[in-house]
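So the structure is just underneath, and the comments pick up after that.
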Amino acid sequence: MFGLALRSLRHRAGGFLATFVSMVFGAAMVMAFASLLDTAMGDGVPSTSRTSLVTMATVVGGWGLIMVVFSVTSTLTLVVRQRGDEMALLKQVGATPMQIGRMIVVETAVVALAAGLAAILPAALAGRGLLSLLVSSKRVDGGIHFAFGPYALGIGLGVTFTAAITAAVIAVRGTVRTRAAESLRNAATGDARMSRKRKAAAVFFLVLGASLAVTTATAMRGKGSDAMQTAGQTSIWVSIGLALAGPVLIGRVTAALARPLERMGGVPAYLTVQYVRRRAGRLAGTLMPIILFTGIATGTLYMQSIENAATAASGAVATADEKTIETLNFTVIGMLVVFSAIMLINTLVAAMTYRQSESARQRLVGVTPGQVLRTVIVEGVILTLLGVVSGAVAGLFTIVPYSIARTGHALPDIGAGTYLAVVAAAAVLTLGTGVGAALRTIRVPAVEAVTR
Amino acid sequence: MNGQVTLPTSGSEALRLVSVRKVYGTDGTQVTALDGVSLSLRKGTFTAVMGPSGSGKSTLLQCAAGLDRPTGGKVFVDGAEMSGGSETELTKFRRRRIGFIFQQFNLLPTLDVLQNATLPLRLAGRKADRRYARDVLTRMGLGDRLRHLPAELSGGQQQRVAIARALVTNPSVIFADEPTGALDTRSAREVLGLLMRAVHEHGQTVVMVTHDPVAASYADSVVFLADGRLAGELDRPTAEAVAERMTHLGDRTARRDETEV
Ligand SMILES: Nc1ncnc2c1ncn2[C@@H]1O[C@H](COP(=O)(O)OP(=O)(O)OP(=O)(O)O)[C@@H](O)[C@H]1O
Ligand SMILES: [Mg+2]
């Protein structure tokens, strides 16, 4: 099995690149924050500095951890799902589901190990950067020596490995067990129906977000920037909730938009609408990073603007503490932006690879390359619109309560510029990747793409 | 060459190939798949193309149908020369004049039966013929399956949808590359019967690649291909006669292979 896994790895280097990149990034992130723990445990570190370091490592690092698990899981699920045909073939020649499962898990373990090792150097650099950030914002005393040791390596490698293996096991279980029957049923029903577990999770995160929003607007009122503690995470939970509800969102919205879209966009729009409706479940994977990106970035950026405006209005000068919080907020956003971008590109490229044979078939029936491209653009536009609108809703769950808590007004007196910038970034990422992948698809002669 | 293959250009000509060549690959590993094939087919005929594996049958069909570009030579469909232009131009040329049926059906998995069959009409911007598509599908025994997806149909049913899709635009020529290759005997006979009726009852022109002498016997004539060249023709073929010719072709190729080694 090990040999087979290695050989399969070598042949699918491209497919694993996506997983590898997201793992390296995730591992580096976790290691960098964990190295602050190593630093904090050094000799002669004053106790206040130690507390700051540990807080930074656990709070911000904790969010990083969630994102790592999220992105690694989603990329792996995609990669494994994409290989459904290969697995079916292996089964036909007599491989048991157990053997196939072991092969995928071993492959994943090899990739995770490589990614963990590759992450060490960038992590050490990033950790050093974090420390100097904390020193320059006077959160920790200067003269503390940066350390990169057992915490960084243990937590970093451990988390990457555990997340990867768990994700692989889950993905394999789903794919190996239900493949034939499921793919047929999905194709037939449009795969917009969500499993009960997924529905429950979506509702849970939305309710959690809503209750935190209420808490921020009531209990945290007048508590100053402390309200960030509840407000900041609200948009994250709501984004996750909406992202989980993706298949339903896609199904409903596309059904509603079908007629006007087809009237305006002709055959390419018609083909997209049919495709999107019948592949809602799969496309929800692409929608997820767009919602997360827009929701969290909008929420956090506006929260920070509200905070800055409120501080300025009260005539006070921002304290070192507040400056640090701002830095932390921007660090979180920076991490997020990169993560969502990687996730988005991964899912889009995977989706396009999957679509390759479908596009080729379209061309054989008489769809021109230009029309294939327009099909992809319409799909990108639908997903972007859905993503940025859902993201705006998620962002409002942070913005409105925080504004109420901080200023008493529901809506802050801040322009839409930030949101528009976030939307533009999301649109460029989505359409850019989609069109790029489609252009590559078109370059292959249709007859070859279909028979390959 | 005899008979219809050398007929002069006329208004009753559906397809004409003039010295069509196709070379795959670049310098080092060149394969000449078609080596100067000239051929003319009248409207309303059913022609089978046969030959050993690798003789260039699929290449011939793809070049004639505009799915691939010949390296040299000319292709005329219904009197119009196939443009050597961009894929877009070629696609538009194909839309109006050509239908293609594949061994692996190549239906779009996210469109249902009716949507698949009417897609060529949509692409050509012809809404009015929708009822005709429904008629064709009903005639093929798919009247109660219009809203089903390809994944919910048997291979034979999928191939019937593909045939309906090729028929709805009333193309000048319908090409079929081993249309019965993935089907059991009964479904294969049904498909062949449908193609034959398209020719004899509706005046369509069909060119079909097949390995099966029985399938070839449904055609009006058989064209043989060996090593990228035409290697004879058989009118009003019977399965036995076709099988015998194929054996000889196989022998010839095998002998040549031995002497080459
Ligand atoms: N894309 C390609 N690149 C390189 N060579 C090719 C390509 N397609 C076909 N060939 C070669 O061209 C020759 C003719 O191939 P073709 O597919 O037309 O044969 P065929 O008669 O259809 O065979 P079969 O009966 O097995 O389908 C073969 O030698 C084949 O290897
Ligand atoms: Mg062939």
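Any Cβ shown, glycine's included, is placed from N, Cα and C.
The transmembrane segment annotation in TrEMBL covers A:12-34, A:54-79, A:100-126, A:146-172, A:200-222, A:234-255, A:283-303, A:332-354, A:375-404, A:416-439. What TrEMBL lists as domain 'ABC3 transporter permease C-terminal' is A:64-169, A:331-444.
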Distant-in-sequence neighbours of the transmembrane segment (A:200-222), which means Cβ under 8 A and at least six residues beyond its ends: 194, 229-231, 233-235, 237-238, 240-242, 244-245, 394, 397-398, 400-402, 404-405
Same-chain residues near the transmembrane segment (A:375-404), Cβ under 8 Å, at least 6 residues beyond its ends: 209-210, 212-217, 220-221, 227-228, 230-232, 234-235, 238-239, 242-243, 249-250, 253-254, 257, 261, 265, 268-269, 271-272, 275-276, 283, 286-287, 290-300, 302-303, 306-307, 352, 359, 362, 367, 410-412, 419, 422-423, 426-427, 430-431, 434-435, 437-438
Any contact, the transmembrane segment (A:283-303) to the transmembrane segment (A:12-34), with at least 3 Cβ pairs under 8 A: no
Folded-back contacts onto the transmembrane segment (A:12-34), same chain, C-beta under 8 angstroms, at least six residues removed: 56-57, 60-61, 64-65, 67-68, 71-72, 75-76, 78-79, 82-83, 107-108, 111-112, 114-116, 118-120, 122-124, 126-127, 129-130, 148, 151-157, 159-160, 163-164, 335, 338-339, 342-343, 345-346, 349-350
Distal contacts, the transmembrane segment (A:332-354) - CB-CB under 8 A, six or more residues away: 18, 21-22, 25-26, 29, 60, 63-64, 67, 70-71, 74-75, 78-79, 82, 282-283, 285-286, 288-290, 292-293, 296-297, 300-301, 376, 425, 429-430, 433-434, 437-438, 440-441
